[in-house]
Amino acid sequence: MTPSMMAQERGEPLLQSGNGAAGGGAKGWPPPALARTVLKVLMWAVFLTWAAAIFFYPTKPAQAAFEGWMAATKQSLFGITGSIFLAFSAPILIVAALAYVYISAFPSDHIHVEKNKLKTLCFRLWTFPVLVDGPFGVVSAVEFIGIVLFIVYVVYSMTYYAVESVSLISKFGQISLTYSELLLYIIGLRFGSIGLFCMAFLFLPVSRGSVLLRLIDIPFEHATRYHVWLGHLTMALFTLHGLCYVIAWSLEGNLLGELAAWKEIGVANLPGVISLAAGLLMWVTSLHPVRKTYFELFFYTHQLYIIFVVFLAFHVGDFIFSFSAGPIFLFMLDRFLRFWQSRAKVDIISASCRPCGTVELVFSKPASLRYNALSFIFVQVRELSFLEWHPFSVSSSPMDGRYHMSILIKVLGSWTEKLRGIITDAQEQGRNGSESETGRITACVEGPYGHESPYHLMYENLILVAGGIGISPFLAILSDIIHRIEEGKPCMPKNVLVLWSVKKSNELSLLSAVDAQFISSSVSDKLHLDIQAFVTQESQPPLEEGIVGDDQKATGMFVKNGTTMSGLVGTGNNFWAGMYFAASTLGFVLAYALAQAYYVRRLNVFAWWHLGLVFVLCMAAGVALPGGLVVLLWHLSEKRKAEDDRWDAAAAAVPRAQDGEEEAEQTTNGADAADGGVSLAAVKTTRYGCRPQFEAEFAAFAEKAGGGAADVGVLVCGPPGLQASVARECRSHNLGRRGGRRRRAGAVFHFNSHSFDL
């Protein structure tokens, strides 16, 4: 089979996919650079204007401009709510709309274009670790700047409000409140307003398929860090907001009465208490010690976000809620699409348990589903839990086959232990001669998500650092690189070093999960691959090391649940995703206009909490009705495309069968072994009773790669301690190069972390 025929039989990775009608210009006709620049400038202008409006909102000039804006627009059908929404929520929706246009018109089709990112200052700031040890973990320069800006915003806003509050109190005449009570009311109000703006940012990174994350190429596993940081900040502000009012009500002697108050005009206190209680439960159970020990408790209580948001709308009403409604609407879009995708029960081509105890699942997928070797998916097994979804890195390359995708799962907790028990029981039945029971695993899959750009293909020199099951995404990377070199596809890596730490030597058998088991002579001439394995809890190799190293997975089970993975995912077809966003947004605006004209004004609805409920229901209606119709059409389109692919595959299988070729997906590596190919085990060096010395390993690799002229990409997947050690060494090398001290190999190291599967 020729390389071109093999390429047609395998799924294309994310950066190569044309993506249907919205896939960009024809080959050989790149879109004009001017249009790209204009779109970028426009998006940045809108975003920075929005951020500046939030930052300067406490100041008197900003307040005066905002009051003028409301006076000019409040007579419209949407009233004050529309004025605030246009000022503080619409900008982020405009950026999202422009982002869909941008990623559709200018897809990343060429690796050499992406490689230019390595030279930009912004990319270096994203990959340069500034903080290594501390409460934030490993923090890059850009992340550090973002943390500082948020701290400055909170401190600056509260300082400004505090000074303003003192002068404001002096202007009050004879009132029944004491100075302390009035000050607590004003300060509490300011804490709440700042928390509301922080909440606007809170929902942006938690949208897994968000077009905004794709635009700036931040994968979800990185964005969750920002959600955690913003969650701590937001809940701290809301807690202080509530605490100020509780103290003030206690001083007045009317605490219980105020807590139970549900006002028609003004802020309703009881919904605020319910919202804050739900937020506190989410906050406490999300703390690292609780989450690590009681993950199910964290997961289930985090579903209270619905109570948190809805009762917040009851608490503040529609016009105050619209300050942060835009990002919440984007989250609702993402959540509804994920619900549709995750309903499909996916066929499991293979479910097996490897000798080292690691579980391997191979899922059926449509040929059109796009992903790259840095992607991950969320998996639910309904026999274990109807609510739990766990993220796992994809261990197969998109070059491995068109119709399957595999993951490796290390047994670490009760969920994975039960999953292994189901599979081992089926294996035992197979060994005893009885048929494996089918349908015992009902799996649903959500995703894939991950980097929009294939960073592992942008570096000529690549270091992969893994701890234990952290090798899983790197297996996909190795397979992707080998297949690409074999087939003559764009691929930058020339030197690859793998540093892999495991506890026991039986884990080394995971290397057999790589589809490209043998490296042909043509590949070995272009790729220098060095795999250094470190077995930390064994001082010498076991007697059966050779057997363990080559051990393969045991026969598993096949489960037919009815369908392949769904192609409905925010990172999928850009055209349908953009249509879904446009239809939902227009549906929301239309629903709110109709509600205002034919319900609120006709029936004279005036209660703040009631108007907040109407606002939230209109948001949900826009997503579920016109958005749901687009998703349905998208689903039918994907279904028809999958059927066409199956017909094409069946038609192509006939001549292959006549020529004596196998119909199943396959690679040429078996033939390569007979032609003198080198196995991955042959390029692996195993050391016992020690850990990798990153300083020496990095320096030696940089020297071989070209010294000071080399760009070295470092990807790490492992526990926080391993990530911190690698980041510290990358920072040391880069600072040493800039300072011209103690480093012979002054290569520039780009650090990227990946933390799933742990």
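Positions of Cβ are set from backbone N, Cα and C atoms, glycine also.
Look at TrEMBL and you will find 37-57 (among others) tagged as transmembrane segment. Proximity of distant same-chain residues to the transmembrane segment (37-57), defined by a Cβ-Cβ separation under 8 Å and at least 6 residues beyond the stretch ends, is recorded for 63, 66, 87-88, 91-92, 94-95, 98-99, 101-102, 105-106, 153, 197, 200, 215.
Annotated transmembrane segment per TrEMBL: 77-101 (among others), in sequence order.
The transmembrane segment annotation in TrEMBL covers 144-163 (among others).
Sequence-distant neighbours of the transmembrane segment (183-206) (same chain, 6+ residues past either end, Cβ-Cβ under 8 Å): 54, 57, 88-89, 92, 150, 153-154, 157-158, 161-162, 165-166, 168-169, 177, 212-213, 218, 220, 223-227, 230-231, 233-234, 237-238, 240-245, 247-248, 251, 316, 320, 323-324, 326-328, 330-331. According to TrEMBL, the transmembrane segment annotation covers 183-206 (among others).
Annotation source TrEMBL lists transmembrane segment at 226-248 (among others). Sequence-distant contacts of the transmembrane segment (226-248) (same chain, at least 6 residues past either end, Cβ-Cβ under 8 Å): 136, 143, 146-147, 150, 154, 180-181, 184-185, 187-189, 191-192, 194-195, 198-199, 201-202, 205-206, 255, 258-259, 269, 272-273, 276, 279-280, 282-283, 286.
Annotated transmembrane segment per TrEMBL: 260-284 (among others), in sequence order.
For 304-333 (among others), the entry in TrEMBL reads transmembrane segment.
Sequence annotations record features per position, and here TrEMBL assigns domain 'FAD-binding FR-type' to 335-455.
Residues or ranges marked as transmembrane segment by TrEMBL: 575-595 (among others). Packing against the transmembrane segment (575-595) from elsewhere in the chain are residues 19-22, 77-78, 93, 96-97, 100-101, 104, 209, 211, 329, 333, 337, 614-615, 617-619, 621-623, 625-627, 629-631, 633-634, 637: each is 6 or more residues past its ends and has a CB under 8 Å from a CB in it.
Residues or ranges marked as transmembrane segment by TrEMBL: 607-636 (among others). Long-range contacts of the transmembrane segment (607-636) within its own chain (CB-CB distance under 8 A, at least 6 residues past either end) are made by residues 81, 262-268, 271, 309-310, 313-319, 321-322, 325, 328-329, 332-333, 336-337, 340, 566, 568, 573, 576, 579-580, 583-592, 595, 599-600.
Per TrEMBL, the feature region 'Disordered' maps to 653-673.
Away from its own ends, the transmembrane segment (304-333) comes close to residues 79-81, 84-85, 88-93, 96, 196-197, 199-204, 206-207, 210, 212, 267-269, 271-272, 274-275, 278-279, 281-282, 580-581, 584-585, 588, 608-609, 611-616, 619-620, 622-623, 627 of its chain (Cβ-Cβ under 8 Å, at least six residues beyond either end).
Residues 54-55, 58-59, 125, 130-131, 136, 186-187, 190-191, 194, 198, 226, 229-230, 233, 237 of the same chain sit 6 or more residues outside the transmembrane segment (144-163) yet have a Cβ under 8 Å from a Cβ within it. Counting residues per DSSP class in helix, strand and coil order gives 27 helix, 39 strand, 55 coil for the domain 'FAD-binding FR-type' (335-455).
If one looks beyond the transmembrane segment (260-284) by at least 6 residues along the same chain, the residues whose Cβ comes under 8 Å of a Cβ in the stretch are 231-232, 235, 238-239, 242, 245, 290, 301-302, 304-305, 307-309, 311-312, 314-317, 606-609. Averaged over the domain 'FAD-binding FR-type' (335-455), the predicted model reaches a pLDDT of 83.
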